[in-house]
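I have placed the structure first, in the form of structure tokens, so that the comments after it can refer back to it.
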Amino acid sequence: MKRNFDSVKRLVIKIGTSSLVLPSGKINLEKIDQLAFVISSLHNKGIEVVLVSSGAMGFGLNVLDLETRPAEVGKQQAVSSVGQVAMMSLYSQVFSHYQTKVSQLLLTRDVVEYPESLANAINAFESLFELGVVPIVNENDAVSVDEMDHATKFGDNDRLSAIVAKVVGADLLIMLSDIDGLFDKNPNVYEDATLRSYVPEITEEILASAGAAGSKFGTGGMMSKIKSAQMVFENQSQMVLMNGENPRDILRVLEGAKIGTLFKQED
């Protein structure tokens with residue numbers, strides 16, 4: 001299927017913790033700089049971009065020099081609150097190199113479930129777009145409790161990115177991950193696994209091919225990405241799942257390159 005994203009004027013990009021934090025726990029500064037360059041380039045072309053960024057836990061572990069994610073909910077929230085400050089500080093610094101202004105929006109599930117607070121959130125996004133600001137969104141881990149096993153959480157930032165795409169009326173959601181896209185079976189187990197370039201619907205076969213996942217820094221897996229694609233379909237939008245190793249590939253995707261997996265219902 002030929003890809004054409006010429007009509008995309010509003011875009012949500014989701015980046016996961018594994019793309020921001022190295023296996024050693026150190027912050028991937030080079031990748032963050034590339035991401036800021038790409039988003040700034042799109043912004044300069046008149047495309048409105050929202051960045052949904054995980055990473056608060058990973059940044060917090062780095063700042064506090066902790067090797068493992070705490071088991072206790074309160075400590076998880078504390079580490080995330082420390083990490084969120086560090087992450088936004090770095091984003092603000094890096095984006096400023098490209099003369100791009102950013103803001104922070106921390107959401108909880110109840111914000112989008114109640115009409116009044118949802119309207120306020122929409123107004124905030126629209127006002128930021130009018131001001132030429134790139135909103136950076138994360139879940140408010142310091143006060144949310146259900147991803148951390150307890151119900152004000154979205155579940156993970158894959159789901160959050162799909163919800164944000166709906167809230168802002170995005171033309172496209174690009175989800176950056178540590179895999180190349182959706183395969184017909186687990187590529188870490190089967191050498192003959194084949195990348196699916198195009199998915200027009202979420203079938204039982206596709207659901208069955210989604211395995212478990214998550215790193216010590218993050219929470220998302222393939223199943224959460226499939227469920228996010230289902231939400232995107234329900235909102236009559238589209239999603240690309242691609243490897244976040246080289247953020248500049250986002251520009252190639254928007255030019256029509258067949259990178260990753262395109263989730264798009266047939267016209």
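Each Cβ is built from the backbone N, Cα and C atoms, and glycine gets one as well.
What Swiss-Prot records for this protein:
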{"type": "BINDING", "residues": "LYS14, SER177, ASP178, THR219, GLY220, GLY221, MET222, MET223, SER224, LYS225", "note": "ATP binding site"}
{"type": "BINDING", "residues": "SER54, ASP141, ASN157", "note": "substrate binding site"}
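Overall, the recorded substrate-binding residues SER54, ASP141, ASN157 cover a maximum inter-Cα distance of 11 Å.
Within the same chain, residues at least six positions away from LYS14 (ATP binding site) with a Cβ under 8 Å of its Cβ are LEU51, VAL52, SER53, SER54, ASN157, ASP158, LEU160, SER161, LEU173, ILE174, MET175, LEU176. Nearest in space to ASP141 (substrate binding site), taking C-alpha to C-alpha distance over the binding-site residues ASP178, MET222, SER224, is SER224. Neighbour density for ASN157 (substrate binding site): within 10 A of its CB lie 29 other CB atoms from the protein chains shown.
A strand conformation is recorded for LYS14 (ATP binding site) in the three-state DSSP classification. In the structure shown, across all protein chains, ASP141 is the one of the binding-site residues ASP141, ASP178 with the greatest number of other Cβ atoms within 10 Å. Considering other CB atoms within 10 Å as the measure, the emptiest surroundings among the binding-site residues SER54, SER224 are those of SER224.
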